[in-house]
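*Asks:* This structure is in structure tokens; I'll ask about it shortly.
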Amino acid sequence: MAAAKKRTQSDIEDVRDRKAKVIKDSGEKRHIAALILARGGSKGIPLKNIKVLAGVPLIGWVLRAAVDSKQFDSVWVSTDHDDIEKVAKTWGAQVHRRSPEVSKDSSSSLDTIQEFARLNPEVDVICHIQATSPCLHPFHLKEALEMITKQGFTSVFSVVRRHHFRWQEVKKGGSVATQPLNLDPCNRPRRQDWDGELCENGSFYIYTRATIERGLQGGKWAYYEMLPEYSVDIDVDIDWPVAEQRVLRFGYFGLDKPEVVRLLLCNVSGCLTDGRVLISVSGEEMVSVNTRDTMGIRMLQREGVEVILISSSEDLLTKALADNLSQRTGCEVRQLGKDIQGEVIAMMDDKDLDWKEVAYMGNDAPDVDCLNLAGLSAVPRDAPVVAINAAKYSCHSAAGLGAVREFSEHILLLKKKAKSQMEQDRIHRNTF
């Protein structure tokens with residue numbers, strides 16, 4: 001009787017697989033969803049999924065890659081935490097608010113993904129992307145999804161090639177000798193003479209609905225190999241600085257090329273200064289400016305980026321103070337009215353610039369529109385949440401304490417990265 005029941009279940013699975021094949025062969029469009037699991041109760045690093053990595057919330061890196069890949073009919077973040085939900089929506093994702101039953105420490109990824117599938121019956125293919133994969137690029141997702149949509153696989157997962165010699169674990173203090181698991185110690189191969197082993201790197205797992213209903217992997221499965229530079233593990237605090245350096249070099253920074261930035265607009269109050277205005281006994285107004293920040297401005301100017309300091313009607317600067325700042329920084333200082341966005345657009349029109357050519361540094365609610373529209377944007381560490389959510393980069397430094405220098409270095413790093421890529425593309429074109 002048990003055998004008959006097993007055959008019946010197998011028959012059901014075969015029917016599902018044949019149905020998926022019919023859809024593929026007929027060219028019928030299947031709904032493909034990206035799903036990032038981001039529970040609030042991370043044990044290794046508290047709220048790790050929205051901790052800022054290289055100026056971007058961790059889940060922002062994979063959400064940017066998923067959205068820009070243009071492969072998904074919907075992009076989702078599954079969470080049980082209000083702050084993660086806010087960040088997810090800011091980065092263009094829909095939110096699956098998971099139930100308490102799948103939000104426990106003991107809950108598995110499969111439990112959550114199956115709940116998501118039940119609540120979204122229109123979804124045919126789920127691409128489960130790990131939030132801890134900040135070096136993921138759109139082309140990785142596109143190529144892996146084609147293995148499902150064009151090659152007929154029902155389960156695809158990412159791997160990386162490792163060249164690690166593994167040994168059997170034995171009890172400490174015991175007399176049992178360890179044994180090699182994947183090598184002959186008498187004939188140790190050189191790295192270049194050994195193909196290594198394929199290991200899951202956890203970047204993503206893609207499954208058809210039929211597959212996910214019976215497990216995370218199954219059916220006709222395949223691996224998608226990623227290069228080591230794109231494979232990053234973030235589990236404990238010590239991984240964070242390593243991942244930050246890796247993502248600055250190999251991360252995906254978006255569709256717009258950062259080298260086109262021609263102009264930086266930077267707020268004086270709350271960015272270049274700490275927001276305080278000191279008044280002398282004679283009534284003279286003074287502000288404190290960090291020399292690191294003024295050096296950052298000069299670094300940009302030397303690279304051909306114009307820097308204009310701006311002040312809103314709510315933070316008026318005296319003419320003497322504005323002149324002093326202009327002289328010290330070598331920048332024009334402009335006083336803007338209440339319509340900051342409108343005046344910035346007029347300024348861009350005068351200079352024949354587009355938003356992607358503008359970097360904007362703000363610090364509060366009036367700056368949100370410009371922070372959203374600018375090709376690059378940033379806020380100091382101590383900016384309010386409304387501004388942080390709108391900015392593309394969140395500084396580690398506070399206002400008046402190096403935030404402008406940090407953002408300047410970020411702009412220059414992206415320009416250098418883009419210039420290097422352009423040079424590499426030129427070499428490839430000339431060679432081939």
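Cβ coordinates come from backbone N, Cα and C, glycine included.
Copying in the features that Swiss-Prot gives for the protein in this structure:
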| type | residues | note |
| --- | --- | --- |
| ACT_SITE | ARG188 | active site |
| BINDING | ARG39, ASN49, ARG98, SER107, SER109, GLN130 | substrate binding site |
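Map the listed features onto the structure and describe their local environment.
*Replies:* Taking Cβ-Cβ distances under 8 Å and a sequence gap of 6 or more within the same chain, the neighbours of ARG188 (active site) are PHE165.
Within its own chain, ARG98 (substrate binding site) has ARG39, SER78, THR79, ASP80, THR112, GLU115, PHE116 as residues 6 or more apart in sequence whose C-beta sits under 8 angstroms from its own. A coil conformation is recorded for ARG98 (substrate binding site) in the three-state DSSP classification, outside any helix or strand.
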*Asks:* Any idea of the Cα spread of the substrate site, ARG39, ASN49, ARG98, SER107, SER109, GLN130, as a max distance in Å?
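*Replies:* About 17 Å separates the two most distant Cα atoms.
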*Asks:* Can you tell me whether DSSP puts ARG188 (active site) in helix, strand or coil?
*Replies:* coil
*Asks:* Looking at Cβ-Cβ distances, which residues of the chain lie under 8 angstroms from SER109 (substrate binding site) while being 6 or more apart from it?
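*Replies:* Same-chain residues close to SER109 (substrate binding site) (Cβ under 8 Å, separated by 6 or more) are LEU37, HIS128, LEU216.
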